[in-house]
Amino acid sequence: MDSQQDRLAKQVLIQKSFESKRLFLTILRFAIPTFFFALFSAAYVFVDQIMVIKFVPHGPLNPDSIFTDQALIEEFKASAFYKGGDIPNHTELTASQLVKTVLNISQPIVVILNAITIFVPLGTGVIFSKTIGKGDEKKIKDAWNTGLVSTTLFALVTQIIVLAIAKEWLQFNLDKVDEQHHVQVADQFQHFFNEKAVAIGSEYVYILIGFNIIPMLSRLFFYLGQSEGRQLFIAIVPPLSNLLNVLFVFLLVRFSTLGVVGSAVAAILVYFITFMAYVVYLISLNKRGLTYLSLRDFSFKRVSFNLFLVISMVGLASFFRNGSLSILNTFYESFLVNLTKTLTDQSDTFYLVLLTGPIAIANLTSAAIFGVLQGVRTVVSYKFGQGQLADIKRINVYTLLVCLVFAALLYLILAVGLGKEILVHLFDTSAATLMLANQFSLIVQAQVFFVAIGATSQQYFQNNNRVLYSWIVSLMQGVIVFVPLLFIFQAITLQTKNIEIFIWLLTANAALAGLINVLIGQVHIHFFMDKYFAQKHKSRIVQFIERYS
């Protein structure tokens with residue numbers, strides 16, 4: 001059992017972190033570290049994409065690469081797709097474009113992996129913060145034990161499921177058409193190109209999926225550490241790990257024949273290093289008696305199935321959001337490829353390739369905004385545990401302002417200020433398509449403003465036991481608003497025969513969903529929050545959550 005001195009040390013640390021009279025500074029103290037944590041965690045994939053695009057294909061940066069345009073053609077000639085005839089000059093279907101296509105069709109699976117990664121850990125973090133706010137040591141220990149076991153088991157089960165459907169998902173992302181026996185050489189090469197992209201993409205995502213348990217446990221340790229008021233060490237690890245990631249990707253891509261797969265191997269190595277850093281830190285805290293994450297007192301007897309259900313209900317909103325966005329990306333890319341074939345004489349993946357950079361940056365900035373919200377979520381959960389509803393209202397206003405400021409900074413830097421330079425130097429956008437790609441980038445990255453205002457409602461409902469509302473707002477952008485808009489934009493694009501209209505879908509969807517979400521959240525906060533918490537008889541779901549957390 002913890003000694004009285006150990007308990008006092010932990011309580012002092014928590015009070016210093018959470019109970020400052022300057023609430024806005026408390027928000028920043030938690031939001032800034034989680035912003036950088038989320039930014040650099042998302043940058044793993046972002047940096048991988050850049051390094052792969054720059055170093056995998058044969059070029060000045062990698063003159064020894066075996067991934068050349070000629071090698072691609074020779075492989076096509078030796079494949080079952082080639083039925084004879086002269087091979088046309090494919091200016092778009094090059095080794096470089098193959099790499100970009102692989103990254104694009106893999107992106108939705110990477111997004112769903114992120115959804116899986118944060119599902120149970122985030123729910124555990126919210127419950128853990130609430131129990132610390134209440135000061136109930138029994139429930140604190142129950143949350144720690146249940147969260148650790150649940151994260152491990154959930155990781156193993158989901159890895160098996162996603163591995164089983166990964167290849168078919170990649171094929172759907174590319175809208176792979178049925179192979180025909182008598183087609184023109186141009187179509188033959190397109191079929192070969194698509195099949196090659198799916199094969200490489202499968203190897204890439206299999207590695208990331210197979211080891212996804214490592215980043216899941218790292219996330220768990222980060223969320224729980226922050227719930228105890230710790231910021232410095234847990235926030236420093238991701239940036240340092242990201243630097244290692246750049247080094248490993250360079251070595252494996254530049255000096256091996258692994259190609260795109262090399263970046264996945266590098267990511268797993270870095271995930272493992274990050275995980276071990278947190279484990280060593282946790283052991284150090286245990287030895288000094290400065291953490292509730294006790295390894296010595298861990299017991300399977302404290303694992304509660306009912307608490308796991310509570311954790312799942314809370315974390316499900318974040319899973320729904322990331323998962324639905326993965327489905328959104330899949331359908332958007334599939335419809336875009338179909339519209340490209342129908343309305344233009346470009347290759348199937350022409351516009352898909354142009355959007356590689358803009359979509360990657362948009363995903364990065366959205367992840368960073370959700371990092372800000374994670375820091376806020378920790379504070380709100382603690383305040384909720386203490387019953388400080390007035391502070392929760394003030395935090396909501398501060399959160400909206402902070403998220404908009406961060407969104408504006410990200411957009412001005414990454415879209416406006418450095419937009420063209422990023423597209424040219426990091427994503428190898430050609431001079432011929434730079435103006436169009438930059439136009440798309442400005443449009444697509446504008447989503448970050450609406451993500452910033454809409455996501456505050458999800459955070460509010462998650463932390464205040466209103467899980468049904470949190471599920472609704474989390475599905476707003478990826479399903480509820482997106483599905484009708486998808487068909488509306490498709491119809492308008494076909495009617496006007498202007499495919500650039502379809503590019504606006506992502507931002508229009510984010511704008512409408514964000515405005516609806518913030519309206520729902522603000523109405524509940526100002527008109528229903530006080531009445532709801534004053535009620536003695538609450539819904540069964542809320543009673544269940546309050547009983548076990």
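Note that Cβ sites are derived from N, Cα and C of the backbone, with glycine treated the same way.
These features come from Swiss-Prot:
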type	residues	note
TRANSMEM	27-47	transmembrane segment
TRANSMEM	108-128	transmembrane segment
TRANSMEM	146-166	transmembrane segment
TRANSMEM	197-217	transmembrane segment
TRANSMEM	233-253	transmembrane segment
TRANSMEM	265-285	transmembrane segment
TRANSMEM	308-328	transmembrane segment
TRANSMEM	352-372	transmembrane segment
TRANSMEM	399-419	transmembrane segment
TRANSMEM	434-454	transmembrane segment
TRANSMEM	472-492	transmembrane segment
TRANSMEM	501-521	transmembrane segment
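Counting residues 6+ beyond its ends, the transmembrane segment (108-128) has Cβ neighbours under 8 Å at 42, 45, 140, 143-144, 146-147, 150-151, 154-155, 158, 162, 166, 169-170, 173, 205, 208-209, 212, 215-217, 219-220, 222-224, 226-227, 307, 310-316, 318-319, 321-323, 325-327, 329-330, 333, 363, 367, 374, 377-378, 381, 462-463, 549 in the same chain. Taking residue pairs at least 6 apart in sequence, the transmembrane segment (352-372) and the transmembrane segment (434-454) share three or more C-beta contacts under 8 angstroms. Residues 108-109, 111-112, 114-116, 118-124, 126-127, 143, 146-147, 150, 455, 458, 461-462, 467, 470-471, 473-475, 477-479, 482, 509, 541, 544-545, 548-549 of the same chain sit 6 or more residues outside the transmembrane segment (308-328) yet have a Cβ under 8 Å from a Cβ within it. Panel annotation: around the transmembrane segment (472-492), residues 317-318, 320-321, 323-328, 331-332, 335, 339, 451, 454, 457-458, 461, 501-502, 504-505, 508-510, 512-514, 516-517, 520-521 of the same chain, lying at least six beyond its termini, place a Cβ under 8 Å from a Cβ of the stretch. Through the fold, the transmembrane segment (197-217) approaches residues 41, 98, 101-102, 105-106, 109-110, 113, 116-117, 120-121, 151-152, 154-156, 158-159, 162-163, 166-167, 170-171, 174, 176, 259-261, 263-265, 267-268, 271-272, 274-275 of its own chain, all at least 6 residues removed from its boundaries and within a Cβ separation under 8 Å.
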